[in-house]
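**Student:** This is the structure I have questions about; it appears just below.
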Amino acid sequence: MMQQRSGSLSLLSNAVQAGQSSDPMQDDPAKTEPGTPKGYDGSKNSSPASVPSWIHEKTKAGKDRKRLPLACQSCRKKKVKCSGERPSCDQCLKHNIPCIYKSNSTKRSHSRHEEIHHQQQLHLNHQYQHQHKNVAANSIDNLSRQYSQPNHINTHDSVNSPPSYGIMASATNQPLSHPTIVPSSNSSSLLNSTNNISHNPQVSLMSASLSKNLVLDPASPKSVSPDLVYVSSDNPPVSTAASAYSSSLPISDVTRALPLAPASNSQHPSLSSQPVSVPSNTINIPTDSLSIVSNPSQTPAKFDSNRISQVPNSDYSIYSNFNNFPIANHAPSFPQSSVKKLDSSFSPTSLPTFTTNSASSGLSTSYTNNNDTTSDNNSLQAVPRLDPVPSLTLSSTPVAELPPLELRIHLAEVFFHCCHGQSYNLFHRPTFFESLNNNTVPLVVVYAVCAVSARFSSRMHDRFSPPYMAGEQYAREARRLALDNFDRPDLSLVAALLLLSLHDSGTCETGKSWMYGGMALRMAAALQLNCEQGSNPLDLDNIDSGPRISFLERELRRRTFWSCFLMDRYASSHEHLQFLDENDIGIQLPVHELLFTKQIAGVTQTLDGRILEGVPSIVIPADTTENMGVAAYTVKIIALWGRAVKYLKQDGKRRDPYPYWHRNSDFSHISEALYAWADGLPQRLKYSAVGLENHLSIQQGAQYAFLHLAYHHTLMWLFRSIGETENNQLSKISSSVSLAGNTVSFSPVSHTPINVTNGESQNNSNNDPSANGAARRLHKAAREICLRCANAISMIVDDCRKHNVILTSPFIASGVYTAFCVQAEAAFGSNVLAASTARHNLEIDLRLMLEMKNYWGSISALCDKMSEIWADWVQRTSSGIQEEDTIPNEMIDEERMLDLEKHFMYITESPIVPNQAAQKSYSPDLMSYFGFAKNSDLQQWNGLWPSDDLRNYQESTIDSLVAYATGNPGWNISFAG
């Protein structure tokens, strides 16, 4: 035993020198067996650890590789034998020159910026390696002298390997003052290996590359990033919980997430199998109490709430400054249904231990052998995971510009909590966070997600004003990466372009938003996302001849295309064309969110209500709507919104051979489709406060509210157009409000400025008393529908505020703005109950708009327009002008007139607020916002503003609402947002 230790130490001390094999049998070439792979020196290797990494690779034909696939640039220039080791071969290491490998592929695997950055990283690594070579040799000598101590940790046979010069932490009990060099036989980095983390890359959106030229071989040399990392032992590591992401993980614990444990069949000979000695002040977590997620993709879709769990304010890091992260001394908790204990049934050969280094921003990884008698079998030392160097198989970027892992996880949590599902459904949440922890999410997606969600994070508000500009730094990098790869269609690029379009719409970059949205549509068409792949849409059995596509990947393709469809309808709300035709879509609607989370295949309908061809009849349920959730019905209602916009704003009304009131008109067909949508809505999806709470429990509360807000908005906007003449159209009056080309689509409403210079109202509508009764009934029903829809929108927004549901979609702001205009007219009407209810709801609308304008710059234009509308009504009332019902003089055939009254039964009933229940206090700041002096006598509008004082509405953020849900005592203003 002592002889083996002596031999191991001898090789370890010689690792920084020539690195030749110590086996005398290798000097005799005659003893090399035929067909045996040879090392770079032409001799047979005595141990697997001494074989170069490329010897285990396969050729394109699938055979064992027998020679070096590619030499470094220096060896090629000198025409000498190259060992092929990475990051530095023997020749370059001997002459202290940078070792650079050039890709042998004719196709560009990454951009020119990334190649330059990769070469710079290798050069810096080599400089650091040369600078500390003597220091490392002294450290190895110290290790040799301490080896004879009885309590020392045994070394592993894998140290007998040629010098690949990885760096790991010292294995001594006392921290060294310098880093220690240890050889590594595997040139592929642990963080970029595809075999070390137990996840399925096939079902991951990040690896779902649907073009053949995007499929990269993980074992290819160009897909391997250097495994040279630096660790300093000057500062003792700080330990936290070693756990992976869970779908129910509180946001306060996200910053303490550590990488997943490797699969039991994973082997990493490049890593030492000995544990790193951790100082006594670190935390030892017993194995029997440590829980990790064995497979997030199989996690049951059971969520506590989309409200964040209550934690102390000091530990709630989402609202603390970025430079001061509080780290709690406890492991994050997981539900019993979604975790697996570290028992005998789940005991990998070795468990990872990560050691931080604040000085060099590196990472060292070692393994704890479960069979080592000198280590504690009941504890696992864990420390915070730092950022690994991104693999060049994905679009890379300078690490200095990449957000820290903690911030990335935080912004991803904010994205799923505030954005995902309200605008687009793009990602599978468990798989996304698993890939994010494994650093396998394409950087273009990481930057795009950070760009959209940064505006909602209080960590970014301290450094950026206004808040909607907080993500611009990440958007710039996402644009660069997207434009570098725009000619290579990929599912991840489509998602990133959609998010960039959404971000630019919020920063008032309407041109960029329009163009990035168009690029996403083109790329989706190139990937044929509008068609099902193969003859088996559900992947029930492998009957297709081509490569099998899992249900999750198929569903991600569908959801990505439906997100493109929604973006097209949002962006084309006015004069812009709609590019996607409903007749060209041949995919089914998204499945229910619970089925999607559990990765269970389900049959749904297409947009026109059909079942896809090729689906076996045995798997088709009696009612396909059982498999359809909020996402599917959201697509259907937005499709109806697009049809209404096309009729009213894109010359559809002129091409209609029938007048709008006729039963056979296109207007009537849209009205019937809206009624059929509401009538066919399952009972579980009909709006109620209980339904909101039920969907809130599965993190679908905001999406559920958005569904019904979109329905009432579409119905109100459609019937608001009744009675408008060619000279009284908001499309001509409020063109400055409707931001053309913007993803934020603002619907038109009827608002005509009043000329009161002579005390007379100039109105284009002809108040003809001889108008027939059919026209009067039609216009009265249309106005009643608009007012009921407006009050329903305010009630849903108020319910969201009471249940702490965060509304952030810009499309919601469009509906709230329309409701404000309708209610402003009713607030000054002759109906007392309708006026008092409208005045109560006006504040709900205004509070949300004033809140959302901090996060979407284009909404500021709507707030300014609301102030003009309000001032117009005040001026009209002050002049003594009474509003009269004006009915256009048009002859309507009552027998052929469309039926509007049937819509009343599906409009959500809102409570009536009597005038006596309204308060007599006013908000001075809101009055001054609308152009009034703070001390103005406004008693004639008694009850317009309830008692809430909104002096601090500009300082309030969405974070204050979330803080209230977590029990933050500093919360004092409740905004619906």
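Cβ atoms here come from the backbone N, Cα and C positions, even for glycine.
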**Student:** Quickly, which of Ser220, Ser465, Ser910 does Swiss-Prot have down as phosphoserine? Just give the residue.
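**Tutor:** Annotation hit in Swiss-Prot: Ser220.
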**Student:** Pick from 141-164, 357-380: which stretch is listed in Swiss-Prot under region 'Disordered'?
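**Tutor:** Based on what Swiss-Prot states, region 'Disordered' spans 357-380.
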**Student:** Can you say which of 116-135, 176-195, 336-355, 936-955 is given as region 'Disordered' in Swiss-Prot?
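**Tutor:** When 116-135, 176-195, 336-355, 936-955 are checked in Swiss-Prot, region 'Disordered' belongs to 176-195.
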**Student:** Please work out the helix, strand and coil residue numbers for the DNA-binding region (72-99) from the DSSP assignment.
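**Tutor:** Taking each residue of the DNA-binding region (72-99) in turn, the totals are 12 helix, 0 strand, 16 coil.
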**Student:** Within the DNA-binding region (72-99), what mean pLDDT does the predicted structure show?
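**Tutor:** Mean pLDDT for the DNA-binding region (72-99): 86.
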